[in-house]
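Structure, as structure tokens:
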Amino acid sequence: MAKIDLSKYGITGATEIVYNPSYELLFEEETKSTNEGYEVGKESELGAVDVMTGIYTGRSPKDKYIVVDENSKDTVWWTSDEYKNDNHPMSEDVWAKVKDIAKAELSNKKLFVVDAFCGANKDTRMAVRFIVEVAWQAHFVTNMFIKPTAEELENFEPDFVVYNASKAKVENYAELGLNSETCVAFNITSHEQVIINTWYGGEMKKGMFSMMNYYLPLKGIASMHCSANTDKNGENTAIFFGLSGTGKTTLSTDPKRLLIGDDEHGWDDNGVFNFEGGCYAKVINLDKDSEPDIYNAIKRNALLENVTLDENGKIDFADKSVTENTRVSYPINHIENIVRPISSAPAAKNVIFLSADAFGVLPPVSILTPEQTQYYFLSGFTAKLAGTERGITEPTPTFSACFGQAFLELHPTKYAAELVKKMEKSGAKAYLVNTGWNGTGKRISIKDTRGIIDAILSGAINTAPTKKIPMFNFEVPTELPGVDPAILDPRDTYADASEWETKAKDLAARFNKNFVKYTGNEAGKALVAAGPQL
């Protein structure tokens, strides 16, 4: 192992450097009685350690910055008054000051340094060095990223360095023109990330995802916020795009298939590959019987976040008093059915967009044309039901470009173009699957959704009789094995079909209004015809 010298990063006086600690050592460090505040880890009844992340129980998008310089100024998709996103500009001068705060915080301390890879493909992976002062943060990245072999560690040269100074604050933030004492900043030229005043583990995970989303498409590789799996022969690859709560993790974790990964993937000339070495699953209301794979992954070496334990370490998965965003990170080998030894598979044959439509308009499955594929990918639609106390309240739509707008560093059309190129080359087909509601006022059953996914993956959908749905011009099957035929045309689920039409007009208008932002260039204008026609 190379001797770790942190002085080249401006971090001096380290009292001890714990390098790539083992799980045994991490457990010992996390559960030490001398730990204070959010350093404290508690052992749960299942063997996994539970930690709290303080006021930040999710990412802090208003505090995300990218340094504006020669390399980034014309490539990054910057936020603007007209179209807001999370890529806020930061000057090189402010970056230097923020980095100084992190360096000062990390100097003269006991530190943990974890070297790991982001990306299962050796040609394009990013070697990342994480410098942290909290044991469980080292545990988190050990779970979530890909472990180098002993040989790879011998000559490990980081492509990217992450400084996690979660205990520090940007006290002079107003003077620096920042949003708050919290700062998550990226420098694309120096290949560095600085994290200040947030303990949320996901900032390190999604930070590196954002950087892969910057570098890979510029090399002609599709970078995707999706889950992916393949058949037992490792041949029939499928990818599942979808926003939080649409079923990405649940539907890709399938006992009949092998999981490639549950959240972040690339697609190059060799096929689809995972960026990660672990999974970061939501555990609110986790039920042992309906999600056994995730439940069984919660054991020693897994790390729970913001989950409530009693004094005996008993977990209450239903308790959302800290946050609804309770999570667990675990190494991917905690799931039995995974692609081994490398999380990759050939090019995808099927691309599935998951939308949970609370308006009750979209069919449970639509077969998309290439133009519709781009349109619905750029739209990135899902909808939640706000406050479903009694009866259905107002659905709130979310349009998140490429089903992952928060992590896009380039213009969304770049990601759409790369995806379409890869799909054309492999002959992949795309489907829009609604895991949300229909005219019955109930959510489409997971049994029917799984039947739909099975029909897509087996190819049965390609020989099914179809019809066209008006307004959206969707081609939908009229029968599929194992699926209730009465739900396939959403109009049939309403007592009065005109009610569907009223809701469909409303939703179609929302799609059209959202898509205006992509019509600034010819490629975007050409796709308008693939959207709903009123």
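Cβ from N, Cα, C; glycine included.
The annotation in Swiss-Prot ties LYS206, ASP263 to Mn(2+), and of the candidates under consideration, HIS191, HIS225, the one tied to the same site is HIS225.
Between the CA atoms of LYS248 (ATP binding site) and TYR200 (substrate binding site) there is a gap of 22 Å, rounded to the nearest whole number.
Here GLY242 (ATP binding site) is positioned 18 angstrom away from ARG59 (substrate binding site), judged by their C-alpha atoms. Just so you know, of the binding-site residues ARG59, HIS225, the Cβ with the fewest other Cβ atoms around it within 10 Å is the one at ARG59. For the substrate site, whose binding residues are given in the record as ARG59, TYR200, LYS206, ARG327, the maximum C-alpha distance rounds to 14 Å. Each residue in GLY58, GLY201, GLY202, GLU203, LYS205, TYR280, ASN325 lies on the same chain as ARG59, TYR200, LYS206, ARG327 and has a C-beta within 8 Å of the C-beta centroid of that substrate site, without being one of the site residues. Candidates TYR200, LYS206, ARG327 (binding-site residues) were compared with GLY242 (ATP binding site); none lies inside 10 Å Cα-Cα. Same-chain residues at least 6 positions away in sequence with a Cβ under 8 Å from that of LYS206 (substrate binding site) are, in sequence order, ARG59, ALA406, PHE407. Cα of TYR200 (substrate binding site) to Cα of SER244 (ATP binding site): a span of 17 Å.
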